[in-house]
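Below is one structure, written out as C-alpha cells, with a few remarks after it.
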Amino acid sequence: MTNMRKNHPIMKIINHSFIDLPAPSNISSWWNFGSLLGICLIIQILTGLFLAMHYTSDTLTAFSSVAHICRDVNYGWLIRNMHANGASMFFMCLFIHVGRGIYYGSYLFKETWNIGVILLLTVMATAFVGYVLPWGQMSFWGATVITNLLSAIPYIGNTLVEWIWGGFSVDKATLTRFFAFHFILPFIIMALVMVHLLFLHETGSNNPTGLNPDSDKIPFHPYYTIKDALGFMLMFLILMSLAMFSPDLLGDPDNFTPANPLNTPPHIKPEWYFLFAYAILRSIPNKLGGVLALLASILVLIIIPLLHLSKQRSLMFRPISQILFWLLTANLLTLTWIGGQPVEQPFIIIGQLASILYFTIIIILMPLAGMMEDNLLEPKFP
C-alpha cells in the first residue's frame, strides 16, 4: 500500500498534496479556511447538481419550479436551504481566508495570491448569476440593476448590456444564459483551485510568524487532516443549524414574490456578502465613478503585494499595522451595514466616509505603518 501511495501516478499527486506534504508545525486555525472552502465548493456542486435536476430555467416556470423543489421533491427543501446558506458559508470562509492572507503576509506568494483574487472574482460572479435563478423580485431587479452598470462603459456600454441580456430587458434569454453560466462556473472554479494549490505547493505554506518554516516541518497527515476534520465538523454544524432552523434568515423577503417587471421593490439590495461593495458603489454620485470604485474595491487586492514596504512579513509583531487591520475589518462591517440601508442621511455620509477610509487604510496607511515600524525597530546609538 505504501509503495502504491508513493509510486502510482495519481496516488502520488494526492500523497504529495494531502498526506506526506511537509507543513509548518505552528500554523493556527486561521489556516483551516482553505480546506473549508474546498468542502464548501464540493457541498455547493453536489447540492447544485440535485437542484439542477428539478429546476427549469424559463421565466414562466422558474419560480414555481423552486417552490416544487421545496414542496414535492424528497428532501428538496433541505437541498435548497443547504445550497442557499452554503453560499453564505462559502463567502464567510472566503473573507476570513483573504483576511488571514493580508494579516500574515501570505500575499507575498504572488502567483498563489493572484490566482486567489481571480478565484474570488469568479465565485462572486457565480453567486450573482445564481441569485437570479429563483426569479423572485429581488432576483429580477438585482439582475437588472447590476447588469445595467455595464452601460456606464463609454461608447460600447449600452450594446454590451443588451448583448448580455439577449434582448432589450432582463427576460427569458437572460435567465437561460445565467443558468448556463451558473452551471459551468463552479467547474472553472475547481480548475482554478487546482492551479491555486499547485502554486501554493511550489513554495509551501506561510505561518503566523512570517519566518522561514523549513527548519520545523511536520507531515500533513495525521496532524492537519484531523485539524481540518474538526474545522469541517464545526462549519457543517453551523451550516446545518442555519439550513434547518432559520433558512431564510439571510435571504430577502422580496424574493418570495415572483418577478414582476412592472413593480420595483422599495430597496434593491444584493445578498449580505456583496453589501460592502454595493455600499462603495452607491457612495459615489456618478455612474461610471461608482462602477470603477466597485471594481477597485476588489481589484485593490492585486496591488497589496506591491504595497508591502515592511521588512517583516507578518503583522504578528507589528502593533500599529494590527490596529489598522482591525480598523479595516470594522470598516468593512460598517460598509456591509450601510449597503443594506436606504439611500438617505445619515447613511449616505457614513457610507462615503467608510469608502474613503477603506481605500486610505489599504493604499496609504498600511504601507506607511510598515515603514514606521521598521524605523522604530532600527537600533539608534548616540
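Quick reminder: no glycine exception, Cβ is built from N, Cα and C everywhere.
Since we're looking at a predicted model, the values are computed, not measured.
The heme b b562 binding site feature in Swiss-Prot is assigned to HIS83, HIS182. For HIS97, HIS196, the entry in Swiss-Prot reads heme b b566 binding site. The feature ubiquinone binding site is assigned by Swiss-Prot to HIS201. What Swiss-Prot lists as transmembrane segment is 33-53, 77-98, 113-133, 178-198, 226-246, 288-308, 320-340, 347-367.
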By Cα-Cα distance, the member of binding-site residues HIS83, HIS97, HIS182 nearest HIS201 (ubiquinone binding site): HIS97
Length of the line joining the Cα atoms of HIS182 (heme b b562 binding site) and HIS97 (heme b b566 binding site), in Å: 23
Intrachain C-beta neighbours of HIS97 (heme b b566 binding site), sequence separation six or more, cut-off 8 angstroms: PHE33, GLY34, LEU37
Intrachain neighbours beyond the transmembrane segment (33-53), with Cβ under 8 angstroms and 6 or more residues off its ends: 69, 79-80, 82-83, 86-87, 89-90, 93-94, 96-97, 100, 182-183, 186-187, 189-190, 193, 228, 231-232, 235-236, 239
Recorded stretch, among 77-98, 113-133, 226-246, 288-308, 347-367, maximising Cβ pairs under 8 Å relative to the transmembrane segment (178-198): 113-133
Long-range neighbours of the transmembrane segment (77-98), counting only residues six or more past its ends (CB under 8 A): 30, 33-34, 36-37, 40-41, 43-44, 47-48, 50-51, 66, 69-71, 116, 120, 123, 127, 130, 235, 238-240, 242-244, 247, 250-251, 271-273, 301
Least surrounded among the binding-site residues, given as HIS83, HIS182, HIS196, HIS201, when other CB atoms within 10 Å are counted: HIS201
Pairwise Cα distance for HIS196 (heme b b566 binding site)/HIS83 (heme b b562 binding site) [Å, integer]: 24
Assigned element (helix, strand, coil) containing HIS97 (heme b b566 binding site), judged by DSSP: helix
